[in-house]
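**Q** Okay, handing you the structure first.
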Amino acid sequence: MSFLPQLVFLIIFGAAGWFISKRVKFLRRNILLGKKTERNDQPEARWKTMLLVAFGQQKMFKRFIPAILHLFVYVGFIVINLEVLEFVLDGVLGTHRLFGPYLGSIYLAAMNFFEFLAVAVLLSCVVFLIRRNIIKVERFTKPEMKGWPAMDGNLILFIEIILMVAILTMNSTDQLLAERGVEHYLAIGTLAFSSMIQPIFEGMSDGALIFIERFAWWFHIIGILAFAIYVTYSKHLHIFLAFPNTWYSNLKPKGEMVNMPEVTNEVNIMLGIPTDAPADPPAEIARFGAKDINDLSWVNVLNAYSCTECGRCTSECPANLTGKKLSPRKIMMDVRDRAEEVGKSIDSGGKGLEDGKSLLGDYISKEEINACTSCNACVEACPVNIDPLSIILQMRRYVAMEESGTPAQWNAMFQNMETSFSPWKFSPSDRFNWAEKVKEEEMK
Amino acid sequence: MSTYKVPTMAEMAGKGETPEVLFWVGCAGSFDERYKAVTQAFVKILNKVGVSFAVLGPEEACTGDPARRAGNEFLFQMQAVANIQVMNGYEVKKVVTACPHCFNTIKNEYPALGGNYEVIHHSQFLQQLINEGKVALKGGGEFKGKKITFHDSCYLGRANDVYEAPRDVIKALDVELVEMKRCRTKGLCCGAGGAQMFKEPEPGKKDINVERTEEALATGAQAIAVGCPFCLTMITDGVKNKEKEAEIKVYDLAEMIAKDMGI
């Protein structure tokens, strides 16, 4: 017996593992370009949110048809990976269907279930491709989806279809060979789905079948490893990051904006209120608000890497719906793309954040952030609890406090508030005038 | 003859009294010609029910919400800290307001600056009064049997998860509550939040308030109920834009309750 296939398998498996770990380090470093923030409170609520929203797909079910199709792919992904465990062990040990003899009828039932899922995944991916390319569901055809994002979406679906075809081909030829009593192949019983495609292979010689079976086996396992690497370059990262992303969800009321304690200190000093701020302020005062990714929190950047560009946010954004330039999905994609750019630049010895570019200006325009009504529809819509609004509001803070670049009408509103304590230009002494009429009215 | 009373915190403090609840009027409630009617209606309800309340009157200032959402954190905090000093000076414990933006800011954002109060929106307050039987609804008023739709305001709904209180208030009026296609968590913004109220919209193909008004009109309702001063302005403008002022009216919840009470 030759150990060559085992050796080849181990080398491929090890190389994939090494490469993936390198990618994970790159992504982790990019996410941590964001500022420190504490999100470890209420662990029980966090586990519960993760269980419901990520594991349980709770928010997906606001739209039933894509939710069901997505559920098939999701369950298929998790369950079929159990089979991959056998693949890996077979690959290492040089065995074939390692668990088959031990599990007997349970093994047959499991294989049939895997095949059912493989077919469900395959059909769901076909429907997804149709929705993207033939029906052209509106949220997949927005301007930010042109080019690579559209290609990325289609590639993922295409790869998943090919992988499922490989599984079914492998099972089909494997059982034909077992029926013919070819050495090494184990008859496990009737497989409901792959037996249907057996007529395609029936006329072939044993040698041809063994070739196809081995090819499908290697194709599937190498395909999965290659796909795992591809995922680290793709919007498909959500399959892993959805879990930490929901764990680090904002658990506060959505309407609450994060306080800026550095401003509070100055306000207290101006108003003559004693503060408990440290006597000597930090040497370097950070920027107010966000101009680039390092001004955002690392949770914002994690959000960006968790986004799978489904566009539910954008399809419910009142600004986008009425033709404004703002698209919450684009905000997330821009944050990710900028983090990638900075990360690559750092790794190649480039200037990193000091490359003369910035998130606000080079990726996101003021027109976009100025169109937001802070209505939280995007936050509510996101199936994995991404918060585009937090990023928009931090950029507004930068524009207002570092650039004094807010729209003129807002500056007028600021002036009114400063001088008459109301966003409108009314005399503060008239504030209570509304009561005069009602005070004269007889109580009925 | 007894008239409606609008005591201020300063007057009450002068008499050594503390009201149970501070009615936070807000800038729209104080200055907006149309919306002043809502403030007056709510005050009449408070009088009629005998709630121990007071207002800050000239001592009230903008919560700072639009400044904060437009990015001016300094200005927001100047407003907030000044308001908190006034409220803490009067030892305010409970606040009711008709404005979801004031509600959100005082409830969620003032605690970080030292202002800790129990804050409720007037829809929740009215719901409580109705549940406790303190508001005697006649049920035969001008809304009886009519189709009414409710527009969720973002800062009450998604921002603070208050969806049922305003609906319960409307249902108490013996009307037919009809929902728009996008309601509750999916409710469409009126277009005014995030300081949009104070500037022209960015370039686009349509105004958000028109989009929302079209949706309200599609329900066939005879009135649109709102629980927010900005929504009231935006939806009223939307109805004007569609030239439907004769067919459909826009009311705040407090106005509807006051009308039904005959006050």
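In case you wondered, yes, glycine gets a Cβ from its N, Cα and C as well.
Predicted automatically and left uncurated, TrEMBL annotations should be read as such.
The following feature annotations were taken from TrEMBL:
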TRANSMEM  A:6-21  transmembrane segment
TRANSMEM  A:64-85  transmembrane segment
TRANSMEM  A:105-130  transmembrane segment
TRANSMEM  A:151-172  transmembrane segment
TRANSMEM  A:184-203  transmembrane segment
TRANSMEM  A:215-233  transmembrane segment
DOMAIN    A:298-329  domain '4Fe-4S ferredoxin-type'
DOMAIN    A:362-392  domain '4Fe-4S ferredoxin-type'
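I'd like to know what surrounds each of these features in this structure.
**A** Sequence-remote contacts of a segment are chain residues at least 6 beyond its ends whose Cβ falls under 8 Å from one of its Cβ atoms, and for the transmembrane segment (A:64-85) they are 57, 110-111, 113-114, 117-118, 120-121, 123-125, 127-128, 131, 160, 164, 167, 221, 224, 239.
Distant neighbours of the transmembrane segment (A:105-130): 69-70, 72-73, 75-77, 79-80, 82-83, 97, 99, 154, 157-158, 160-161, 164-165, 167-168, 171, 188-194; these residues of the same chain sit at least 6 beyond its ends, with a Cβ under 8 Å from one of its Cβ atoms.
Beyond the domain '4Fe-4S ferredoxin-type' (A:298-329), the same-chain residues lying 6 or more positions past its ends with a Cβ under 8 Å from any Cβ of the stretch are 27, 30-37, 39, 62-63, 138-140, 142-145, 149, 152-153, 235-238, 241-242, 244-245, 248, 335-336, 339, 365, 367-369, 371-373, 375, 377-384, 386-392, 394.
Counted with DSSP, the domain '4Fe-4S ferredoxin-type' (A:362-392) comes out as 17 helix, 1 strand, 13 coil.
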**Q** Considering only Cβ pairs under 8 Å, which range in A:6-21, A:151-172, A:184-203 makes the most contacts with the transmembrane segment (A:215-233)?
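**A** Answer is A:151-172, with the largest number of Cβ pairs below 8 Å.
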**Q** Do you know the mean pLDDT across the domain '4Fe-4S ferredoxin-type' (A:362-392)?
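**A** That stretch averages a pLDDT of 98.
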